[in-house]
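Structure, as structure tokens:
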Amino acid sequence: MADDLGDEWWENQPAAASSPEQSGGEEGGDTEMTQQDTAPVPEKTQQPTECFLTQTKEPKAEDSRKTRKWKKKKISDILAKSEPKPGTPEDLQKLIRDHYSSSRSVIELEELHLPDSCFLKANDLTHSLSSYLKEICPKWVKLRKTHNEKKSVLMLILCSSAVRALELIRSLTAFKGDAKVMKLFAKHIKVQEQVKLLEKRVIHLGVGTPGRIKELVKQDGLHLNPLKFLVFDWNWRDQKLRRMMDIPEIRKEVFELLDMGVFSLCKSDSLKLGLF
């Protein structure tokens, strides 16, 4: 008993078996560590890349205007699909109604309606200028000989530009005979020079633009009462395929000229209108 008590009792005592709970816990911990060490590291799953739709820039106001302008029908495209039609008196009547509809009453519009008797036969696109004038004015030689009034002409031909006026004057050779022809446009010619020329000479035929003719009438350099024929260069088209009445500036000046006494002369049957 004494010997047993003398020994270091804690040294001789066998190591106590670990409790199942402790051993189990430690083994489980080792297993977990082993699994964590040996298990392959899962590859990082690629996050789905966000897909950004590229937004088309909204067209600016200028771009939209250009697009609309580009889509607008051109006169050349319209003419390519249809044959050109010669101008008629009704075309002029319609332009008169459209021009004055916003500024005149219904009664005033009726007064502006031109009688059919004031219209000469329109060009059917088969005539030259000389042949057309011979047809509508067969007594030109007689009229020319009896005309002796200054500051006036027997016939006016309205066109859209000075270049076109020169072309028409060159094509008058077969018709005019000994008649005196005057250029009535603004290019390189001052109004006062034309006024002085009309005061000095007897002119039978004038070819020019409505703007300059209107200015001569306004300055009392040209009287319209002796006028017998007013011919519109109606069917000719410029490089942009525009007729003279398709050009807003020219159309405006034509109506301003008509307001200077042409309507009343047509109704009195002393003035005839022709569409060449």
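Any Cβ shown, glycine's included, is placed from N, Cα and C.
Swiss-Prot annotations:
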type     : residues : note
COMPBIAS : 1-10     : compositional bias 'Acidic residues'
COMPBIAS : 32-56    : compositional bias 'Polar residues'
MOD_RES  : Ser19    : phosphoserine
MOD_RES  : Ser23    : phosphoserine
MOD_RES  : Arg164   : omega-N-methylarginine
MOD_RES  : Thr209   : phosphothreonine
REGION   : 1-91     : region 'Disordered'
Cβ-Cβ distance under 8 Å, sequence separation of 6 or more, same chain as the residue listed as 'omega-N-methylarginine'; the residues meeting this, in order, are Asp233, Trp236, Asp238
Listed in sequence order, residues with CB under 8 A of Thr209 (phosphothreonine) and six or more positions away: Leu158, Cys159, Ser160, Ser161, Ala162, Ala165, Leu184, Phe185, Ala186, Ile250, Glu253
